[in-house]
């Protein structure tokens, strides 16, 4: 969440009369966030649509490599998030100048062309995530309708349903939420979203346990996942494994909003220490859910695990519980969409204010009274720009509604630059680490290894998208 954008309408000049009691050291309204609220924001940002594809990802790699890759991404994400937390203030991690966004941190520590590359990588990722959340939310809403259809008419019925009306509904909700200027004050939305993520993950976990314990038709699971010559061809095995790595990378993507979350924390105790604690709690919590959902989902469905284990209809009954789980997904993604799009909104609106400082359309705030809701500040540029953005992301989601492939590609493209490369480079620069020292060397090795992983997983996702596009007809109901 972009606190620079959140708080721009509530900034005041500190006066001697108030003694600075209501302001932080940067002159902004005093921040009140704690490790509890930060943990909730992290869980909201991390546990999203990624959890739904983990059973499929484990199925591609098997009992050995699947959990190993999950734990590896968990450790790398936590480790680099601790490096990034120390860069919120620079040059000193406790008493230095605050940086309000991920891009601000890179500009302050690295500067130059690396700052430009970071901005490009970050905003491409944020746009991709909001498109991915639009796809996933609509798929979950469609799943509710199809679940009721299957319950009423039987599992043999096709129950074709278009995603498009539900993408339009999701977009309309986001257009309304996007007009709220001080989104950080809606702290309860992140709490609700976190509860929703726990709910649908727990339901999926419970249904997997029930399926495993209930017996029924036996499923095939292996140490190496889907079998060549039985489930897939040799080339499909390779491409799917690469894509599965990308799906897991996407499941752990949150570094690009870590600074914005850290900027909500109060200054005592030091923000970097609180953020490291929140990151540990958030990553441990999500990894526990990921391992349980992925492994038990694989145990329940075997090598035939669906791409989305709550909407791919590996489960049919109890239909009302499936419906509730998918509603929880949609509600969670309503909040998560806003968490990820706020930095985009802030970037464009800050640029607009700098480009047209005297424009009333861009800078003017107009108080509008809404019955039963009170008075809200309305900016015409904010209304037009944010509405246009939501509509564009919805249209792209309608044209490319490929769940696993899209998530894998986003995860692959964003994991190395945002989660690994920039945090490591900034930590090396800020700590003035000696070149070719032991720590410098192994940090560089980690960065290069993650780059290779990102490249191969991106290749797998692109191959999957190419295959899907060959048989896809846009704006038509799919099976």
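Here the Cβ of each residue, glycine as well, is placed from N, Cα and C on the backbone.
Summarising the annotation, TrEMBL assigns domain 'Amino acid transporter transmembrane' to 31-465.
Only residues 6 or more beyond the boundaries of the transmembrane segment (35-56), in the same chain, are considered here, and those with a CB under 8 A from a CB of the stretch are 1, 70, 132-133, 135-136, 187, 190-191, 193-194, 197-198, 201, 204, 208, 244, 247-248, 250-254, 257-258, 261-262, 264-265, 274-275, 277-279, 281-283, 285-286, 289-290, 293-294, 296-298, 300-301, 305-311, 314, 329, 332-333, 335-336, 339-340, 403-404, 407, 411. Residues or ranges marked as transmembrane segment in TrEMBL: 35-56 (among others).
As annotated by TrEMBL, transmembrane segment applies to 63-85 (among others).
Residues 48-49, 52, 161-164, 166-167, 169-171, 250, 253, 256, 308, 310-311, 313, 322-323, 326-327, 329-330, 333-334, 336-337, 340-341, 343-344, 347, 393-394, 396-397, 400-403, 406-407, 409-410, 413-414, 418 of the same chain lie 6+ residues outside the transmembrane segment (123-144) yet bring a C-beta within less than 8 angstroms of a C-beta in it. Per TrEMBL, transmembrane segment is recorded for 123-144 (among others).
The transmembrane segment annotation in TrEMBL covers 164-180 (among others). Here the transmembrane segment (164-180) has Cβ contacts under 8 Å with residues 134-135, 137-138, 141-142, 186, 330, 333-334, 337-338, 341, 345, 376, 378, 382-383, 386-387, 389-391, 393-394, 397-398, 401, 475 of the same chain, all six or more residues outside its ends.
What TrEMBL records for 186-210 (among others) is transmembrane segment.
As annotated by TrEMBL, transmembrane segment applies to 278-299 (among others). Residues 35, 38-39, 42-43, 46-47, 51, 54-55, 57-59, 63, 66-67, 70-71, 74, 77-78, 81-82, 85, 198, 201, 204-205, 208-209, 212, 219, 221, 251-252, 254, 258, 261, 305, 309, 314 of the same chain lie 6+ residues outside the transmembrane segment (278-299) yet bring a C-beta within less than 8 angstroms of a C-beta in it.
Long-range contacts of the transmembrane segment (319-340) within the same chain, counting only residues at least 6 positions beyond its ends with a Cβ under 8 Å from a Cβ of the stretch, are 1, 41, 44-45, 47-49, 52, 126, 129-130, 133-134, 136-137, 140-141, 143-144, 147-148, 150-151, 170, 173-174, 177-178, 183, 189-190, 192-193, 196-197, 199-200, 203-204, 207, 257, 310-311. Taken from TrEMBL, the feature transmembrane segment applies to 319-340 (among others).
The transmembrane segment annotation in TrEMBL covers 383-400 (among others).
As annotated by TrEMBL, transmembrane segment applies to 406-424 (among others). Through the fold, the transmembrane segment (406-424) approaches residues 49-50, 53, 76-77, 80-81, 83-84, 87, 102, 106, 110, 114, 117-118, 121-122, 124-125, 128-129, 131-132, 135, 243-253, 255-256, 400, 443-444, 446-447, 450-451, 453-455, 457-458, 460-462, 464-465 of its own chain, all at least 6 residues removed from its boundaries and within a Cβ separation under 8 Å.
Through the fold, the transmembrane segment (445-466) approaches residues 76, 238-246, 249, 400, 402, 404-406, 408-409, 411-413, 415-416, 419-421, 424-425 of its own chain, all at least 6 residues removed from its boundaries and within a Cβ separation under 8 Å. Among the features that TrEMBL reports, transmembrane segment is placed at 445-466 (among others).
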